[in-house]
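**Q** Per TrEMBL, the feature transmembrane segment maps to 58-78, 202-222, 263-282, 288-309, 371-389, 401-422, 429-448, 468-489, 496-514, 520-542.
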Amino acid sequence: GEKNSKVEFRCCGFGSSNQQTASVPFHPWTLQMPSKDINNKDVKFAKILHAVGEFGKFQWRLVALTFIPGILLAFLYAEHFLFTDQEHYCNASWILAVGPTLSESEQLNLTLPRAPNGSFQMCLMYLPVPWDLGSIIQFGLNHTTTCQDGWIYPNSKKSLCLTPHFDLVCGKEPREESFQSISMAGFLTGSLIFGFDTLGHYPAILISLLGLTIFNFGTAFVSSLHQYFFSRFLVSQAVIGYRISSVCLATEWLVGNHRAHAIFLEHCFVSVGVLFLMGLSYSLPHWWLLFLVGGPPVLLFIFYIWILPESPRWLMMKRKVEEAKQVLCYAASVNKRIIPCTLLNELQLPGKMVTEATALDFYYNRHLRKVILVVGCIWFTVSYTYFTLTLKMRDFGMNVHFRQAMSGIMKVPVQLCCIVIFEHKGRKWALIATLIQTIIICCLLLIFQAPDSGWGLSCLDTELKSTVMLIFMLGESSVAATITVLFIYTAELLPTVLRATGLALVILASSGGVMSSETIIHQILSLHPVILCCILSCMALYSSFLLPETKDQPLSDSLEHFSKAR
């Protein structure tokens with residue numbers, strides 16, 4: 001008669017003849033159909049995961065192994081610290097042939113023209129003349145030309161910067177949007193490669209880690225800017241492959257709020273990684289050391305080959321029932337729990353279950369089509385807003401280390417606050433809350449904008465400028481939390497058989513939002529980018545009301561109940 005009754009389970013003894021018993025909490029909701037559309041097999045699988053243990057030693061180990069490498073994913077953002085402005089002057093060492101004892105300041109005074117403000121011109125020099133030193137000092141030089149023998153960098157030894165290495169000055173600077181375009185191209189191709197999900201989540205994670213190791217380490221040895229871009233393109237592929245596969249693996253192994261906690265934790269690890277990257281970039285003397293430090297540590301996770309388990313849900317969808325039972329029993333043994341024979345034996349695939357699916361199902365299946373279109377629009381909006389705020393924040397001329405430090409620090413508490421909404425109100429309302437917060441922040445930015453003066457940065461006093469910068473950082477952190485919510489929500493809305501493919505499709509939409517942000521900010525100057533942030537966020541807010549709640553609902557594995565919506 002007790003409400004919190006206990007159910008005694010007996011072990012089937014996979015690989016062992018020991019008969020043990022264990023008491024696990026009985027969860028009534030798993031024995032009832034959450035809705036008419038939820039397949040009975042999905043409910044049974046949820047019951048098995050509860051029998052394995054909701055969050056025991058096995059789940060702790062899974063989360064640690066899957067998400068700790070997220071710290072090293074932050075090396076994707078190394079460009080923020082490597083392509084900073086660097087003081088430079090034309091190399092005018094020709095004058096040493098007539099004045100070998102001249103000091104550096106004397107060389108500059110004699111060979112470089114000055115700007116109206118009195119500083120030396122950075123991209124011009126006086127044309128060399130066949131005079132002696134006395135004549136040069138007496139009459140001076142008048143005819144200027146562009147730098148002919150390269151450049152000198154007075155502070156290069158104190159800065160971790162690629163600019164001196166590739167001479168990226170005086171018209172040779174790479175456009176800021178080029179870095180984002182390279183990353184987005186990597187995300188696009190990586191999504192297509194890892195979105196097919198033919199190998200499984202476990203091999204995809206291993207391949208991604210191997211790619212991160214090789215290409216991060218290889219970046220330290222590039223000899224041209226094009227080689228650097230190609231290396232970062234491959235790193236971007238590995239990063240997005242790891243993100244998709246790790247989210248799918250955690251989603252399919254964990255239950256309830258533990259799933260949300262784990263994925264939020266992964267994104268917090270990335271923020272911690274950015275702080276770690278910032279510390280390294282501040283302390284290391286050479287840029288290539290940054291990649292030598294960031295590449296090899298990934299090799300520490302090569303032991304994943306022996307201990308990282310495949311998703312039992314994915315194995316079931318590939319009709320590998322016995323392998324799925326084995327990994328479930330292994331997880332139960334690590335948690336010192338026992339799965340009952342009767343429950344485990346129910347884990348069978350009916351002959352009619354739809355376990356084969358392709359990306360075309362997102363077109364032919366009406367329900368999946370509606371979900372992916374709505375979620376894709378929200379991903380587009382969130383990515384556009386995030387990168388718009390990030391790019392506009394650079395207009396303040398803030399020190400890159402300070403900006404990244406404040407951004408990384410603010411993201412962690414915002415992510416933790418979002419977990420509270422997740423636990424009490426569910427995924428849908430967490431998404432709605434973060435979108436409303438984004439709209440409010442964008443409106444505040446429009447209010448603080450000085451009229452008829454662009455962004456009015458030069459017209460703002462110090463106190464108001466600090467307030468606007470704080471709003472920008474809060475907005476960036478809020479949108480970052482929205483991205484985390486979307487990762488969890490999207491993964492739960494999609495069936496196991498198409499989960500990785502669906503995440504790949506929304507990443508494509510996200511990349512479109514980033515590229516649109518760059519285009520609007522750098523080319524369409526007449527359209528205020530933050531106004532579009534407000535409009536798109538309102539549309540995304542409306543779209544989010546169309547999505548179903550997934551809190552406390554069993555994950556869908558096959559297309560069986562989705563086929564009813566064809």
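One-based numbering along the chain as shown.
Note that Cβ sites are derived from N, Cα and C of the backbone, with glycine treated the same way.
Describe the structural context of these features.
**A** With a threshold of 8 Å between CB atoms, the same-chain residues lying at least 6 positions outside the transmembrane segment (202-222) that come near it are 66, 69, 72-73, 75, 194, 228, 231-232, 234-235, 237-239, 241-242, 244-246, 249, 288-292, 294-296, 298-299, 301-302, 304-305, 308-311, 500.
Packing against the transmembrane segment (371-389) from elsewhere in the chain are residues 180, 362, 431, 438, 442, 472, 475-476, 479-480, 482-483, 486, 489-490, 493-494, 502, 505-514, 516-518, 520-521, 529-530, 532-533, 536-537, 539-540, 543-544, 546-547: each is 6 or more residues past its ends and has a CB under 8 Å from a CB in it.
Long-range Cβ contacts of the transmembrane segment (429-448) within its own chain (Cβ-Cβ under 8 Å, at least 6 residues beyond either end) map to 378, 382, 385, 418, 421-422, 464, 467-468, 471-472, 474-475, 478-479, 481-482, 485-486, 489, 528, 530-531, 533-534, 537-538, 540-541, 544-545, 547.
The list of residues near the transmembrane segment (468-489) in space but at least 6 beyond its ends in sequence, with Cβ under 8 angstroms from a Cβ of it, reads 243, 247, 251, 259-260, 263-264, 267, 375, 378-379, 382-383, 385-386, 389-390, 392-393, 396, 398, 406-407, 410-411, 414-415, 417-418, 422, 427-428, 430-431, 434-435, 437-438, 441-442, 444-445, 448, 460, 503, 506, 547, 550.
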